[in-house]
Amino acid sequence: MTLARTLLTMLKSVGAKQVWGIPGDFILPFFREMEQSQILPVYSLSHEPSVAFAADASGRLHDGIGVLAVTYGAGALNSVNAVAQAYAERSPLVIVAGVPSQSEMEMGLQLHHQVKSIDSQAHIFKEITCAQIRLEDISQAPKQIAKVLSTCKEQSQPVLIEIPRNLSAAPCDADNAGLLNMLQADSEVASIEKCVQDLQQVIASAQRPVVLVGVEVKRYDLEDVLCQWLNKLAVPCFTTLMGKGIAAEQKNSPVKGTYLGDAGDPHIAAIVEQSDLVIMVGAILSDSNFAISAETLSGRQAVFIQHREVNLGHYSYHGIGLTAVLSKLADLAECKNWDMHQPHHVVEQQSPDVPDGTIAPMMIAQTLNRCFEHYEQLPVASDVGDCLFVSQGIENSAVVAPGYYASMGFGVPAGFGIQATTGRRPVVLVGDGAFQMTGMELGHCRRYGFTPIVVVLNNQGWEMIRAFAPDSQAADLGLWPFAEMATLWGGKGIRVSTPDELASAMDNAFEDPSQFYLIDVQIPKGCMTPSLSHFAKVLTSKQNMARS
């Protein structure tokens with residue numbers, strides 16, 4: 001067994017399904033070991049941000065981790081933005097980065113790909129990973145790997161493993177199974193009991209409680225436990241923006257929609273905002289989740305159940321895992337006579353005005369819902385922009401999207417991560433601006449057998465930027481021939497500009513799983529979802545008030 005194979009075996013043991021990477025000289029020996037051992041399949045794309053996005057999506061979808069392999073300096077640092085997104089959004093990702101050998105470091109020369117010092121790479125990644133190691137001592141390497149993988153899983157955030165290029169093939173034997181028993185478990189049993197007892201008392205004292213769930217429920221594979229608790233408790237439950245898709249594929253899911261404040265479903269908003277207790281489970285307290293509703297919720301009693309912290313308002317518990325708390329709540333939950341009267345002042349959300357015969361963004365969600373019901377339910381990867389708000393209208397599907405850090409270019413590579421990890425064909429929602437960043441990666445579909453249905457919301461610009469600055473020309477991108485480009489890359493491209501053409505193109509895509517489809521949806525400039533329009537107006541108003 002070599003050092004690289006020991007690492008790969010341990011990665012597989014904690015749930016890695018594949019490795020995403022781009023070879024370079026400092027990581028090439030590790031790639032050689034991957035290819036020869038075939039412990040994990042290896043996928044390469046054209047650019048480091050793309051393989052990092054794909055690895056991130058892989059880690060978000062199952063109870064495992066994503067793995068990224070990149071070369072020293074130029075490769076690793078080219079992935080920094082994507083890794084930062086994984087860190088911010090609690091995605092378990094292992095970055096295996098090459099570094100020079102000890103003899104190279106001692107040459108006294110500046111090495112290629114070096115920035116300020118040999119350690120610049122590690123210093124930069126310290127800001128966007130929760131643990132970092134360099135495997136310089138073979139005898140200690142297995143223990144180091146076990147510890148850092150434990151941290152990655154326990155904190156659900158990226159870690160950095162640097163491997164000198166002369167050591168990938170070095171002999172290294174270890175009791176991997178024994179080492180991986182080092183994975184941490186919650187040990188504060190007394191604290192858990194007291195914490196859950198206090199939580200139950202707070203919940204029982206409410207008359208109209210409501211539950212809002214976020215991404216940590218997905219990251220720690222707690223959807224079944226969540227549903228068990230909610231079915232016993234029998235209170236309304238919705239996701240945050242980032243939590244969209246949680247328990248969506250569960251039969252008779254108790255999670256009934258997404259709370260977006262004034263920008264979303266008014267019925268859901270009324271239920272949440274007329275409650276007397278908001279129970280937030282695994283939610284990241286970010287502006288994308290709550291800025292638009294912060295004032296509405298600010299005076300409301302709330303409890304926050306997050307990994308390693310439970311805040312009851314008057315008291316907080318630290319160091320208790322979300323798995324332990326939610327499992328205990330599920331065991332002990334009881335239903336009571338909640339005051340679940342119908343909310344008042346429910347106003348129907350208006351559809352945007354669009355010229356007859358043209359496509360409004362939410363028509364895409366409606367068409368997908370019809371196809372999911374008629375053909376099959378598919379997982380969804382969404383990029384950033386109005387497509388993210390379109391994804392909120394999709395029913396009963398798992399959704400992977402960067403709703404907080406919001407880096408564009410995620411969608412297409414994330415679709416690859418979904419298909420490689422689950423074997424299921426994904427639907428990718430992406431704007432034309434984000435597609436220009438990573439859409440060319442579709443050229444790799446033929447060699448890997450990827451068959452995504454890519455829906456491009458083409459309004460010839462960055463519509464989300466237009467929403468905040470409608471008079472600016474900085475968001476204009478012009479018209480690109482995406483459908484023709486898809487054909488050149490080995491797929492099927494269809495340009496549509498009417499609802500009937502959209503429906504026909506979707507039917508064609510669902511009926512033909514043999515190749516990838518790109519549906520280039522022509523949307524009038526300035527036409528956006530009501531959610532994005534309202535979201536932009538509220539945030540712009542708050543920014544203007546802050547300036548005055």
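Using N, Cα and C of the backbone, Cβ positions are placed for all residues, glycine too.
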Task: Further Mg(2+) ligand in TrEMBL, beside N459, G461, within candidate set D432, D500 - done: D432
Task: Tertiary neighbours of G461 (Mg(2+) binding site) (same chain, Cβ under 8 Å, six or more apart) - done: D432, G433, A475, D476, L477, K525
Task: Cβ-centroid neighbours of Mg(2+) site D432, N459, G461, 8 Å, sequence order - done: G431, G433, L457, N458, Q460, W462, E463, A475, L477, I523, K525
